[in-house]
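**Student:** One structure follows; several queries about it will come next.
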């Protein structure tokens, strides 16, 4: 019974405790702050939030933070017992690439429940602040010096050289934004009017992280009075043999010029590069509007060039800087290619051109190839433009000689560079499918006719041997045992062959019949002997037959 009462008493105390705390706080429960926002600009970390109950006064707010891998919460320095709805915790040394969590609560004698902010990574949430801008005026140009808004920024320590800047400039009198340019941290805006006020604003961007900053405050400056000597214009660089030729235009004669160069990558680095410009050998104090210097003056790379004019008393401002790429300005060599011939097409494989020492030339800019081909017996040319290095030339005739030549062009129209044509290479296409079919048919016919040809040849040889090389006759001693004479040559005119005749005599009347028959045969043979060429043979035969008749009569008697 005591246990039951004790349990009931405990339940009552637990239920009453919140009521007691609420009464101690003035009879109201504190609510957690809402809509907490984290704003990070460069290295400045700002927290903002809203009160849940404006009617409750003298309420303070405190923040805790927690890093990844931590179990406990740590008080956020600079954001403890804050009476306003904003606090700055920039003094906290955080790893800007490490994820953190924040939580906030309201406090007045008692405390509200914690309100947790979604975890975030400072670098991803940070924005690029407005850069600092310093201006210098010339008569037709403005020199701009840009530096980060926060010096030695921790947030952008690894990306200081990756910033790009964009500029918006306009005449102050018009108020219309005229030009938008991408610029370096040290830049010069050309083609302005003298004694004119221009206003501009600049913002930074970090393209590698897809971050766009906010614009700087507007800065205005007035250009100076026009200088007596204008700067040189229209600067161009060309290649002749193993030298660079630098040319420019100028209004006045009897002037002296000098040319300077600077590594282009230095423009991306913050700082003053005024004293890093260097003179080009053979281009100092020249009296003409051009200068020539050897290619070995510059190693492979990108440079900036500028020219200045002087008459001995006055000096012009520096000309507009031009970009000079040794790879692009170098002489563009013709391509090297190999041809694989088919029956109705060529496969052309294009390779890098070769320089002295048979080493390939490495080209860091994209090229397109112009291929011209024609029949060796004709002057009608056809042209193909290809970006690929594996090109097929279709619709060719079988067993025909075609010639091919090629040259390279830069794809960038601003460069407008082309090589000379390569030497022409001539190749003969292979036989077509029709020729192969006829060849196969011819072989089959020849194989089929071969036995007949062999047989006909054998027969012909036998005839030749039989006519011109007959077999020898047997001797007279052997020949008398054979009554049948050998076959005569059918192709030559010969006497009639002798035929052995046999008679069967049954009675005397038969003998008379035989005699009559013999007489008839004799008359017929005599008639035939008049038309025969060999009459001697028939007379021999008659004698033989008459003898035979007499012998038969004697045998019968």
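Numbering starts at 1 and runs along the chain as displayed.
Each residue, glycine too, has its Cβ placed from N, Cα and C.
Pulled these features from Swiss-Prot for this protein:
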- 528-539: compositional bias 'Polar residues' (COMPBIAS)
- 79-87: disulfide bond (DISULFID)
- 199-220: disulfide bond (DISULFID)
- 283-291: disulfide bond (DISULFID)
- 403-426: disulfide bond (DISULFID)
- 331-432: domain 'Fibronectin type-III 4' (DOMAIN)
- 50: N-linked glycosylation site (CARBOHYD)
- 58: N-linked glycosylation site (CARBOHYD)
- 81: N-linked glycosylation site (CARBOHYD)
- 88: N-linked glycosylation site (CARBOHYD)
- 110: N-linked glycosylation site (CARBOHYD)
- 172: N-linked glycosylation site (CARBOHYD)
- 254: N-linked glycosylation site (CARBOHYD)
- 313: N-linked glycosylation site (CARBOHYD)
- 314: N-linked glycosylation site (CARBOHYD)
- 376: N-linked glycosylation site (CARBOHYD)
- 416: N-linked glycosylation site (CARBOHYD)
- 433: N-linked glycosylation site (CARBOHYD)
- 28-436: topological domain 'Extracellular' (TOPO_DOM)
- 458-557: topological domain 'Cytoplasmic' (TOPO_DOM)
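For the listed features, I'd like the structural context: burial, neighbours, distances.
**Tutor:** Around residue 79 (disulfide bond), the C-beta neighbours below 8 angstroms that are at least 6 residues distant in the chain are 47, 61, 62, 63, 87, 88, 89.
Counting every protein chain shown, the number of other Cβ atoms lying within 10 Å of the Cβ of residue 199 (disulfide bond) is 17.
Taking Cβ-Cβ distances under 8 Å and a sequence gap of 6 or more within the same chain, the neighbours of residue 291 (disulfide bond) are 245, 246, 257, 259, 280, 282, 283.
The 10 Å shell around the Cβ of residue 403 (disulfide bond) contains 15 further Cβ atoms across the protein chains shown.
In the predicted structure, the domain 'Fibronectin type-III 4' (331-432) carries a mean pLDDT of 83.
For residue 50 (N-linked glycosylation site), the same-chain residues 6+ apart in sequence whose C-beta sits under 8 angstroms from its C-beta are 33, 34, 35, 85.
Residue environment of residue 58 (N-linked glycosylation site) contains 8 other Cβ atoms, counted within 10 Å of its Cβ in all protein chains.
Following the DSSP three-state reduction, the secondary structure of residue 81 (N-linked glycosylation site) is coil.
A 10 Å cutoff on Cβ-Cβ distances gives residue 88 (N-linked glycosylation site) a total of 13 other Cβ atoms nearby, all chains included.
Counting every protein chain shown, the Cβ of residue 110 (N-linked glycosylation site) has 14 other Cβ atoms within 10 Å. Classification of residue 110 (N-linked glycosylation site) by DSSP places it within a strand.
Around the Cβ of residue 172 (N-linked glycosylation site), a 10 Å sphere holds 13 further Cβ atoms from the protein chains shown. In this structure, residue 172 (N-linked glycosylation site) belongs to neither helix nor strand by DSSP; it is coil.
Under a cutoff of 8 A between CB atoms, and with a sequence separation of 6+ in the same chain, the neighbours of residue 254 (N-linked glycosylation site) are 287, 311.
Of all Cβ atoms in the shown protein chains, 7 besides its own fall within 10 Å of the Cβ of residue 313 (N-linked glycosylation site). According to its DSSP assignment, residue 313 (N-linked glycosylation site) is coil.
Its Cβ placed at the centre, residue 314 (N-linked glycosylation site) has 10 other Cβ atoms within 10 Å.
Around the Cβ of residue 376 (N-linked glycosylation site), the number of neighbouring Cβ atoms within 10 Å comes to 12. Residue 376 (N-linked glycosylation site) falls outside any helix or strand according to DSSP and counts as coil.
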**Student:** Enter the number of other CB atoms within 10 angstroms of the CB of residue 87 (disulfide bond).
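**Tutor:** The answer is 19 other Cβ atoms.
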**Student:** Cα-Cα separation of residue 313 (N-linked glycosylation site) and residue 220 (disulfide bond), in Å?
**Tutor:** 32
**Student:** Can you tell me how the residues of the domain 'Fibronectin type-III 4' (331-432) break down into helix, strand and coil by DSSP?
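**Tutor:** Counts, helix then strand then coil: 0 helix, 48 strand, 54 coil.
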**Student:** What are the non-local neighbours of residue 220 (disulfide bond), defined as same-chain residues 6+ apart in sequence with CB under 8 A from its CB?
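**Tutor:** Long-range Cβ contacts: 172, 197, 198, 199, 200.
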**Student:** Listing them in sequence order, which of the glycosylation sites 81, 110, 376, 416 have their Cα within 10 Å of that of residue 403 (disulfide bond)?
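**Tutor:** Near residue 403 (disulfide bond), where near means Cα within 10 Å, the glycosylation sites are 376.
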**Student:** Using Cβ-Cβ distances, find the residues under 8 Å from residue 81 (N-linked glycosylation site) that belong to the same chain and are at least 6 apart in sequence, listing them in sequence order.
**Tutor:** 60, 61, 62, 107
